[in-house]
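Below is one structure, written out as structure tokens; comments come after it.
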Amino acid sequence: MRGGFVRQGYEIFWYLMSRLSLALAAALLPPLALSPRDALSVGSGVRGVLAFAGKGEAVAAQGEGLVLFGVPLLVALGSGALFCWLGRAHRRPLRLGEGACFAVLAWLYLAAVGALPFVLSGRLAPLAAFFESMAAFTATGLSCFPAAEALPPSLLLWHGLMSWLGGLTFVVMLVTVLPQVSGCFGITLTARQSVAFSPVWRRMHLALWRGLFVYGGLTALFFAVLALLGLTPFEALLLAMLTISTAGSSLTAAFQPYDSPALEVAGCLMMLVTGGNFLLYWKAISRRSLGLLVRDAELRAALVIAAASGLLIGAHLFLTQTYAAGEALRHGLFQAVSFFTTVGFSSTAVAGWPGFDRYLLFLLAFTGACLGSPAGGLKTVRLLVLGRMTAEELRRTLHPHMVVCVRLDGLPVPDKVVGRLLALFFLTVVVLLSGTLAVAASGVPVLSALGLAAGCLTSTGHTAALFGFTDLAGLSVLGKSVCIGLMLLGRVEIFSALLFACFVGERLRRRW
């Protein structure tokens with residue numbers, strides 16, 4: 001490769017990083033504007049610099065809030081300008097290596113810059129702040145802050161914006177980069193959507209704006225619904241951002257403190273919408289045809305899974321006398337939808353539920369919602385294909401001369417895709433077991449380690465609470481590091497990370 005990684009051959013990678021940096025800088029502006037109203041504090045070193053540079057403690061106190069978000073803003077703008085200069089000659093097709101690099105390094109960059117306000121405030125150590133930032137951007141919903149700790153509004157807003165931007169970044173990657181990097185692992189399986197995935201820059205740019213239109217429009221709709229139900233504008237904004245990004249967090253009041261059936265019904269509907277295929281939404285909007293949604297096999301299967309699981313949990317909660325009939329159905333449906341869409345909100349404490357219900361919620365988190373949504377997990381369409389492949393193999397065994405073919409929405413699924421989905425399923429199990437072992441080695445009980453590893457890998461952090469584990473701040477350095485790696489793997493898709501590792505290894509071998 002002539003000229004090296006920086007000078008030549010990676011212009012689209014640098015250009016995409018520059019757009020991401022500018023989006024990150026824009027997301028820092030609202031908390032920066034809100035910070036002077038907060039009673040913020042910064043670390044002693046930053047406070048001393050402010051007092052020395054100003055005219056005393058009064059000047060330092062006024063500038064403390066601005067430092068927390070001003071420094072990350074300058075970092076984002078400076079790096080964005082550098083990336084833009086490096087990617088100035090970007091108008092050509094996206095290469096596989098560039099796509100793999102962006103799919104992995106973008107999340108590390110976002111988490112590094114996003115952690116700065118927590119470090120500068122002195123509230124978290126650097127590793128804990130990076131963990132907090134990675135959990136927010138990957139929509140995992142885990143937090144090192146105790147649930148009872150009251151963060152200032154600017155930091156709460158920044159936490160919500162990180163989750164919202166992370167969900168948007170995933171949607172943008174889904175329609176631009178991931179089809180090029182891991183399209184054979186199910187991203188192009190939704191054949192009925194007929195979206196023209198292309199590495200050509202102009203088509204990528206058009207797909208980006210389509211994803212932004214759907215994501216932003218749904219965010220505005222969720223905000224309006226929550227505001228009409230009585231939430232304050234700030235609460236409605238935070239809850240809308242966390243719902244659309246599937247990043248339910250313990251830092252916000254969410255649904256449990258309100259104890260409102262109407263709010264929970266609205267939350268269920270919003271989470272179901274979030275778990276749908278955004279690419280299919282765009283096609284339905286552009287063609288003005290809701291029938292496309294009804295005819296989609298994955299969406300139908302997802303709705304059946306969510307409803308059946310909710311009814312099953314509700315019935316079991318009633319039969320075990322955990323709740324009365326109405327309460328059992330209400331909490332069962334809400335938790336089933338929440339875990340299935342990997343949002344992770346709760347309407348009640350689930351750690352004390354019977355083992356059957358908690359295990360079913362655990363399985364729902366691994367199933368995931370629809371491919372094309374910000375949700376984590378394996379995704380429904382992949383499991384549909386694997387299930388139909390199993391049925392076809394049984395038919396082939398009974399009738400050896402029969403020609404069988406796995407079909408989805410009436411169209412054949414290539415054997416290459418089926419084989420790679422099997423490999424993806426195997427790798428997911430291997431990563432889960434390895435991650436559980438590593439987290440357990442850090443001193444976490446085995447069941448809690450399984451819940452935490454699964455939560456990081458599926459972007460459903462609340463699975464750790466199923467086994468009563470909530471002390472994330474007490475995780476060791478090893479535990480936090482393993483969780484960061486699992487969150488990254490869960491968001492970028494395991495094969496994208498493997499392609500990135502192979503690509504970097506190939507370049508290092510050539511150089512050395």
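Quick reminder: no glycine exception, Cβ is built from N, Cα and C everywhere.
Automatic prediction, not curation, is the source of TrEMBL annotations.
The following features are taken from TrEMBL:
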- 12-34: transmembrane segment (TRANSMEM)
- 66-87: transmembrane segment (TRANSMEM)
- 99-120: transmembrane segment (TRANSMEM)
- 161-191: transmembrane segment (TRANSMEM)
- 212-231: transmembrane segment (TRANSMEM)
- 237-255: transmembrane segment (TRANSMEM)
- 262-282: transmembrane segment (TRANSMEM)
- 302-320: transmembrane segment (TRANSMEM)
- 332-353: transmembrane segment (TRANSMEM)
- 359-378: transmembrane segment (TRANSMEM)
- 421-441: transmembrane segment (TRANSMEM)
- 484-504: transmembrane segment (TRANSMEM)
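Contacts between the transmembrane segment (212-231) and the transmembrane segment (262-282): present, as 3 or more C-beta pairs lie under 8 angstroms, all at sequence separation of six or more.
For the transmembrane segment (421-441), same-chain residues at least 6 beyond its ends with a Cβ under 8 Å from one of its own Cβ atoms are 185-186, 378, 382, 385-386, 389, 449-450, 452-454, 456-457, 478-479, 482-483, 485-486, 489, 494-495, 498. Contact counts against the transmembrane segment (359-378), taken as Cβ pairs under 8 Å, peak for 302-320 among the stretches 12-34, 302-320, 484-504. Away from its own ends, the transmembrane segment (484-504) comes close to residues 96-97, 100-101, 103-104, 107-108, 111, 130-131, 134-135, 138-140, 142, 166, 170, 178, 181-182, 185, 376, 420, 424, 427-428, 431, 435, 453, 456-459 of its chain (Cβ-Cβ under 8 Å, at least six residues beyond either end).
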